[in-house]
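Working notes, beginning with the structure itself.
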Amino acid sequence: MAEHESLEFGKADFVLLDSVSLDEFMANLKLRFEKGRIYSYIGEVVVSVNPYRAMNIYGRDTIEQYKGRELYERPPHLFAIADAAYKAMKRRNKDTCIVISGESGAGKTEASKYIMQYIAAITNPSQRAEVERVKNMLLKSNCVLEENYPVGKVKSVFKCIFQLVKGAPDAQLRSLHIQRDPTAYTYIKVGGQIKSSINDSADFKAVTDAMKVIGFTTEEIQTVYKILATILHLGNLKFGSDGDVTLIENSKLVSVLGDLLSTKDENVEKALLYRTVATGRDVIDKQHTHQEASYGRDALAKAIYERLFCWIVGRINDVIEVKNYDARVHGKNTVIGVLDIYGFEIFQNNSFEQFCINYCNEKLQQLFIQLVLKQEQEEYQREGIPWKHIDYFNNQIIVDLVEQQHKGIFAVLDEACMNVGKVTDEMFLQALNGKLAKHAHYTSRKLSPTDKNLEFDRDFRIRHYAGDVVYSVVGFIDKNKDTLFQDFKRLLYNSSNPVLKAMWPEGKLSITEVTKRPLTAATLFKNSMISLVENLASKEPYYVRCIKPNDVKSPLLFEHERCKHQVEYLGLLENVRVRRAGFANRQTYPRFLQRLINQIAVKRLLQGCGFEHDVAYGKTKVFIRTPRTIFSLEEQRAEMVKRIVLFLQKVWRGTLARMRYRRMRAALIIIRAYRRYKVKSYIREVNRRFKNVRGMKDHGKHVKWPTPPKVLRKFEEALRNIYNRWWAWTLIKDLSPEEMVQIRAKVATLECLKGQRADLGLQRAWEGNYLDSPGTASSFTLVSSDLQRKDKFMRVLFSCNVRKINRFNKAEDRALLITDRHLYKMDPVKLYKPMKSIPLYNVTGVSISPGKDQLVVFHTKDNRDLIVCLQGMVPAGDSRIGELVGTLLSHFKSASSGHLRTEQFESYFKLPRISQMIAQELSMVQRGDTMCSA
């Protein structure tokens, strides 16, 4: 049973239909076509419906899905049947064949291509090149080989000749004496009146290129076109009479034919008008009548084309044959044959060609049913299952009707062709009526006078397995006889063209040599079919039945009656009945257990499900009778598979998680070890470079820092800060407390105003209280002392004379006193009388100008800002903006964090502190902790 397809796509195997009827078969076939499922099974037979569109189901991924699988383990596909044939050849050392049948347009050639593509893909690499070469040769030959239809009195249209006329280059047509007008030639005049819908030039080039790829030489290709041109010119030959003498009316064509056939013009004319007859030792030339000359001309055209076709097939077979076969290189001497054969034909007018084709299909259908029954019976016997007789339509009776010795239609036709004197098609039909009057599958208008579907003296009907077909006997005699005179064979054998000469080896016989009567077309076809059937019967066969869904090549249209007719003549329903007559499904015990449960025996399982009445147990397989049992088991299996999948997913996810954990843990251990190594290396290098910095003049300022590992970048920044603070401490450690206060203020100014002003006054000493100086000390000191007693401030931060600017842009001399608690505006004229007092906690910010005016704005909470200018100081040009800002910043920082005593400052920046921190960081790294900054 085909797996992995929901019932929404129909039954993947027609054997599993609920009831076997044509209506159910057609409904299932249509459903699968509409759902895009172009392949189905009938047991081990593939039914293929041409999708008329490209489908993405032939790629490498699909090939891998079917490689080595059983048929029922994957959805129906050509690859499944190709793999089964390949396994039979490789594993069981059996010759196999894949028979692909169906009418024109059903997709037989495409099926052949995909089967060969699959076999080439799965072949061992040592043999793959040879298989690929043969496959490409065969595919190229598709456009070279055409159906071999004989040319009778009703002229057939040769596609290849039509392409030559319409598609060949002008220069080539001139060399062949051909006009680019199909209507100018009798044999293709009907085809010439039909407007071509294809690109004949491209097709002609494709055929020529294909012949070159296959291996045809330039001379051989040119000979092929010369032969086709000869056929065209032969059709235009016209014969006339001058009394009892037969003449060629358009004698110019004789020289054209001589040129194309590489022979003398007089020899061509003689072969067309005379026949050499040997009577004892005497040889005479007997002139043709007008009718005999026309008949000989058409026979020559037909024979030339047939020989050309056979020669092309032989050349292709020579090219693809394995040269220098060696079993050690090429493996076992077994083969896979791919037979692409035309299907049953029922036309409005059915003649000798359709009769032969339908006989071929009868023969193959008989073989197909016999082999299927034989395989079934042999499998039942191998497994020890009782075999019961299966009723089916045995078309052996129809095969005998055609090919039976002395009584069959072919025998009657050959007998009619051998009779001396004038024999007509009507006489042949009378002979059939006489010998087959009582046959259940044969009738004619004479035997059924009331049947108006048959014409008197023209039609007969055969009841084929695929349905009734009416044949017209018109042309049967002419198409069956080999009327090619020995004169034509000698003419072509004596050609100076070696390719043409090789096609006619029997032409070397002299006229006096006794030769057997040549076999008729019917006998040749019958012998060919018997040989083919014997060849197929000796191999393990596989079948692909191709169906054409519509005549307009639509990917959406499913013509019911059109498809129904093909299903009938392909015998698909009969195949289903044969398969269903016994047990519909059979699987080996290991495979059966593998698909269900692998812990209990098959019998116990089936008994537990209540199906013991619907199965039989073979030696290696279990046989299941009805599809319902299979569906029920599949449903239970599908339910169990869900649970198994969930369990497997859980186990697998746990396994993956553990694997990821182990990988991550291993990676972490490696990373930690590597990180410790890099950290230790870095710290050792830092210690080496900075070991003697105390004795250096610049205390190590010139030493280059090593590049830290990524994990220690923050640590390096902290270490650099520690070093810089230590280096700064070495510079300021000998300063007094007063100098330290000034240093802090200058550092604060530099951090705040660096790049904002050109002169910050950092190079001079900052006095701070500039009003407590000679000349102003007495009055200012008194006022300052009063304010200190009144406001309880601890110290004066800054004082100096300023220029006060009001909102009217008027400037006045004032004094500015800033203590640790208040900001005072004083009038220096009135002995520094306080004019305004602002608590420092009301000051929200200070703004300064970047120019030389030294403008300062004190922002307050009540928005009553104080604007003063420090310009005009003594000494002139002395900048005190930096000192004012630095003093305020230093004061506010000290007020918020508390003063750091000199002893604490010095002990924090001593060099042993650096070594202590490095040792602490190193111990953290050795414990595996994450590195942190100082």
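Here, residue 1 is simply the first one shown, and the rest follow in order.
Backbone N, Cα and C atoms are what each Cβ position is placed from, and that goes for glycine too.
Taken from TrEMBL, the feature domain 'Myosin motor' covers 9-638. Under the heading ATP binding site, TrEMBL lists G102, E103, S104, G105, A106, G107, K108, T109. Taken from TrEMBL, the feature region 'Actin-binding' applies to 529-551. Summarising the annotation, TrEMBL assigns domain 'TH1' to 755-934.
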Cβ neighbour count (within 10 Å, all chains shown) around T109 (ATP binding site): 15
Additional residues surrounding ATP, by Cβ distance to the G102, E103, S104, G105, A106, G107, K108, T109 centre under 8 Å: N50, G343, C546, K548
Candidate with the highest Cβ count within 10 Å, taken from the binding-site residues G105, G107: G107
Number of other Cβ atoms within 10 Å of the Cβ of K108 (ATP binding site) across all protein chains: 24
Surrounding CB atoms that lie within 10 Å of the CB of A106 (ATP binding site), all protein chains: 23
For the region 'Actin-binding' (529-551), the number of residues DSSP places in helix, strand and coil: 9 helix, 8 strand, 6 coil
Cβ contacts of G102 (ATP binding site) (under 8 Å, same chain, 6 or more positions away): S48, K108, G343, R545, C546, I547, K548, Q566, L570
Largest tally of Cβ atoms lying within 10 Å of a Cβ, found at which of the binding-site residues E103, S104: E103
